[in-house]
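Beneath this line is the structure, given in structure tokens, with notes to follow.
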Amino acid sequence: MIDITLPLTDIHRHLDGNIRAQTILDLGRQFNIALPAQTLETLIPHVQVTSTEPDLVSFLTKLDWGVKVLASLDACRRVAFENIEDAARNGLHYVELRFSPGYMAMAHQLPIAGVVEAVIDGVRDGCNTFGVEARLIGIMSRTFGEAACLQELDALLAHRENITALDLAGDELGFPGSLFLSHFNRARDAGWHITVHAGEAAGPESIWQAIRELGAERIGHGVKAVEDRALMDFLVQQRIGIESCLTSNIQTSTVASLADHPLKTFLEHGVLASLNTDDPAVQGVDIIHEYHVAAPAAGLSREQIRQAQINGLEIAFLSDGEKRALREKVAAA
């Protein structure tokens, strides 16, 4: 189902939600951190979704063991490097990796700016080693409140030339976008792109807010947009993309089943919706699964899957020249 003549992208992929179970085991042993299991087989149920979670917040707890073992900046650098290696193994030509430096720093009180620098270094080394193109998106974890998000933003801005965009993720219902207006004003002043998790746990009004108040150029998940035809029309008119994550939306109980997922409706409506993974290690999926298994189960035709692949590059945070160069590189391969 993947068109090998086109660039394959994943533009909604959490670096801190893609820490390998083996790496969690290795780092736990290295730093003498107590883990809930001591073998790979018995650890996996603790760090990977094995059945549908009741809600988004429950799903997010599966990510916690991955960051609990980040006891040094070298550990952060390692998981960043491995994220690029995983992308290369999946055949991705271009990936946008998003990460919350405060979340990664929290368990061991690492310097947040140091975490940002370690991630930048690990991703750069990975790109040089594996030939994948990547950009970094900084996340503010809204779950920890406005002040914590300000610390994350300051750390990200200290390395602004290596960050492409700002995102807001976490507890959408408990911490609405209205709390973070000044944060996003600073991000836009820095020249960053804006993408926001919205319409995942909350309704279409959260998406409107992300666009109108925070300046979102893309929406993460955005499943509730299907409830508001005027919003879908607006997304089409303004070319605001939706970063769809099929399997993730089932595992978080955001959508009841793949057959109920609105991605097909978005594509039929002309919305620039793309296929992405979200938290591949936690979910136990990869981009190939999303194209070959999840997308057909969501009712997408072969042509719609191809359109979603095209959309992934179309709405990527790259210049027109960079997109053209990537298309030419893949076509010539």
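Any Cβ shown, glycine's included, is placed from N, Cα and C.
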His12, His14, Asp278 bind Zn(2+) according to Swiss-Prot; which of His93, His193, His197 goes with them?
His197
Cβ atoms near Gly170 (substrate binding site) (within 10 Å, other residues, all chains):
21
Quick one: give me the count of other CB atoms within 10 A of the CB of His221 (site 'Important for catalytic activity').
28
Are there recorded positions among His12, His14, Gly170, His197, Glu200, Asp278 that sit within 10 Å of His221 (site 'Important for catalytic activity'), Cα to Cα? If so, list them; otherwise say none.
His12, His197, Glu200, Asp278
Counting Cβ atoms within 10 Å of each candidate's own Cβ, which of the recorded positions Asp16, Glu200 comes out highest?
Asp16
Shell of the substrate site beyond His14, Asp16, Gly170, Asp279, same chain only (C-beta within 8 angstroms of their C-beta centre):
Leu15, Gly17, Leu60, Leu63, Arg98, Phe99, Ser100, Tyr103, Ile139, Ala169, Asp278
